[in-house]
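Have a look at the structure below, then the notes.
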Amino acid sequence: MESVVWQGLALSGIFSWIVITCYFDVTKKIRSLLQPWVSHHVVSGTYIILKIQKHQHKFLDALFSGLSCIVSVPFYTAFLPLLFWSGHGKLARQMTLLMALCDYLGNCIKDVVSAPRPNCPPVRRITATKDEEENALEYGLPSSHTLNTVCLSGFLVCYVLSYTQSEDAFVKLGAVTLACLLVGFIGFGRIYLGMHSLIDIIGGLVFGFMILAIWLSVHEYVDAFIVSGQNVTSFWAALSFLLLFAYPTPEFPTPSFEYHTAFDGVVFGIECIFDELLPLKLISNIECVVFGIVTGIQQTYHQFHHEAVPRIFTSQLTIPTFLGRMLVGIPTILIVKFCSKALAKWILPVVSNTLGIPIKSTSYVPMLIGSATDKKSSEIKQSSYIHKMLFFSQQDLFDVDTGIRFLQYAGLAWSVVDLVPSLFSHLRL
């Protein structure tokens, strides 16, 4: 009963915050205070970037571009699944949740402040990958790469030291030193690549340490709730829905909203594996897709992810066996990701039109791109009861690409924690 009460209070608090921020236009008020100050420091800090870039070299370009991939999409789709398959399910759960928290809060701050990145030119901006090109379209403060690296490396050090129960001061000092060096290289690299100013890096450090401190104080309670709590699936579904609307409106549109929505999909898919009492009361076809994904994995905690599963570097899970898991698992999740996207591209427009939800597509659905579709959607909007219910949304059209990303990554998460471990069991890996 106590769990249900705090869940209700949490969701009510977020809903109240959404209403208050919309009614009093809180985002614009905060932006008017912070944006001029941050923008001034971005402009005045340009000379620091130019000084650093005087020492440009192809090796440094490649080094810092490679390091920037540590907390990008390849990180999501490679590192976190490997943690689940290595037997360290608790670490994988908590790292996934922490990444989601960093991703959401970091992008919220970016879009609230809406401070620019360094001007290019005179700054030389290096975007070696498509992800970096999209990152350059976001606002600057704080540096997400710096913030994420502080939180993830800091938490990983704490977990490893706790797991090994090492009391050796040199081991602890060495682990902390390595984490600090990684954070330093990432922060310096973001300046060298022309992606951030010094003020952005400082902001990433400050917010990163704040989030890490909060997470270290609550992560055990969060994990206990996920593993054995009540209404985990329904609570997370409601939380994800509210957080979509709690996300602040930037001064100008950026990719940040779609990014945090996509990762919310990953976390939603992973969290639902631990709820064994999922009530299957489906309201719409979209919910059928989401809950259809999670119903196949809701029983897998005791089967694949409990604390007694074989762990890497032991006789039960040797290096060759783990390499075999990688060869089977990575292609499988990529196939599922592709199929989930194809399914979502087909079903979401149909469901949205059936429910009278006005939609558009930026790139995924060609038939929804263009002025004719926008006009048609605007006509639908006038009679849409669902759209009227969402009084706090200032969108004229909902971008269906956001929903496609959500289901695509939720499908990926399901494959990581259910489909792939099932394959391992059948193949005796």
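Using the three backbone atoms N, Cα and C, a Cβ is placed for every residue, glycine included.
The transmembrane segment annotation in TrEMBL covers 6-26 (among others). Within the chain carrying the transmembrane segment (6-26), a Cβ under 8 angstroms from the stretch's Cβ atoms is held by residues 231, 235, 238-239, 242-243, 245-246, 248, 392, 394, all 6 or more beyond its ends.
Residues annotated as transmembrane segment in TrEMBL: 62-85 (among others).
In the predicted model, residues of the domain 'Phosphatidic acid phosphatase type 2/haloperoxidase' (92-216) average a pLDDT of 87. For 92-216, the entry in TrEMBL reads domain 'Phosphatidic acid phosphatase type 2/haloperoxidase'.
Per TrEMBL, the feature transmembrane segment maps to 146-163 (among others). Here the transmembrane segment (146-163) has Cβ contacts under 8 Å with residues 70-71, 91, 94-95, 98-99, 101-103, 106, 171-172, 175-176, 178-179, 182-183, 186-187, 190, 196, 200-201, 204-205, 207-209, 211-212, 215-216, 219 of the same chain, all six or more residues outside its ends.
Long-range contacts of the transmembrane segment (169-191) within the same chain, counting only residues at least 6 positions beyond its ends with a Cβ under 8 Å from a Cβ of the stretch, are 48-49, 52, 63-64, 67-68, 70, 143, 145-146, 149-150, 153-154, 156-157, 160-161, 197-198, 200-201, 204-205. What TrEMBL lists as transmembrane segment is 169-191 (among others).
What TrEMBL records for 198-218 (among others) is transmembrane segment.
Positions annotated as transmembrane segment by TrEMBL: 224-247 (among others).
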